[in-house]
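Taken from Swiss-Prot as is:
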type	residues	note
MOTIF	117-122	motif 'HXXXXD motif'
TRANSMEM	27-47	transmembrane segment
TRANSMEM	69-89	transmembrane segment
TRANSMEM	123-143	transmembrane segment
TRANSMEM	372-392	transmembrane segment
Amino acid sequence: MKHSQKYRRYGIYEKTGNPFIKGLQRLLIACLFISGSLSIVVFQICLQVLLPWSKIRFQNGINQSKKAFIVLLCMILNMVAPSSLNVTFETSRPLKNSSNAKPCFRFKDRAIIIANHQMYADWIYLWWLSFVSNLGGNVYIILKKALQYIPLLGFGMRNFKFIFLSRNWQKDEKALTNSLVSMDLNARCKGPLTNYKSCYSKTNESIAAYNLIMFPEGTNLSLKTREKSEAFCQRAHLDHVQLRHLLLPHSKGLKFAVEKLAPSLDAIYDVTIGYSPALRTEYVGTKFTLKKIFLMGVYPEKVDFYIREFRVNEIPLQDDEVFFNWLLGVWKEKDQLLEDYYNTGQFKSNAKNDNQSIVVTTQTTGFQHETLTPRILSYYGFFAFLILVFVMKKNH
């Protein structure tokens, strides 16, 4: 494994000790987030009014609004929490960037992404991985049902077609089935989007690709959730399972998703996330809360990802218990990866060479501040233009 390059920038809160200036900075960040989110929601409303007749164009517009939201979040993070982002991945084939010969990671167009859940900002960093894979507009996230009622954001997330669950399988099964079947059919050009000649936009970008982000642990790691997880292990006679840095994963929802998406699914990615500086005895979700990250500038200096790819034919779906044991094995390997991470400050590969050459590569980057600001400004301008067209149409 190559050692990551040194990368350190400072957020706006770290550049001044003046409380008044910091207060103005917090106000700036809040205004930027609210105005950006509002422009995205108004843009979505315009799409609903102006493009109800074209499902392809409407979906492309929704995908663009998804991209705008993750660009907005990344631009704000670049200002307040400019972490070094280190992506380490296993591959049995060379992956090349179009601009140079160095290997670079990219999610496949139709994939499920599973990860350990340490803090509430995990999903932002995973969405960023999809964004740099040119799939930022094709992300789907499974969330708590209560989140769909958040003012402004809830409306936007419902338009994003995020999946909201109540953690009651009898209630959730139908909603989950409808969402997954629709994603699968559209990806295979057999769904609602196939009333048209192509499932691709003029730029040949897949309208119906999907990156489904799931957290099998169900919640983020904390003292309370750890105690609940250990109590469940005892009740389920899983006392032999000793996870030092993770919670026991739930397999039912993941197996259901894999089965429903199997006809179109390209790969399942297992992403292990590590944050530093953090001690093995600390709970990252307590140390780096959303409030601390966005309003106080308390953030991880490094965010490390270790990514493994599983092909669908490698996943045992024939039996619930066999699938759970497979997932548990993946989680034990993740736990060892995190143990090595806390010992050495970087992920150490435990890849096995089974008749193929496994290459482990690390790439270090940031939030690419040189391109984020022009991009979000272009989104603002485009949204403002479309809103103006909408207003003029209503007046006439």
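Every residue gets a Cβ built from N, Cα and C, even glycine.
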Averaged pLDDT score, the motif 'HXXXXD motif' (117-122): 94
How do the residues of the motif 'HXXXXD motif' (117-122) split into helix, strand and coil according to DSSP? 1 helix, 0 strand, 5 coil
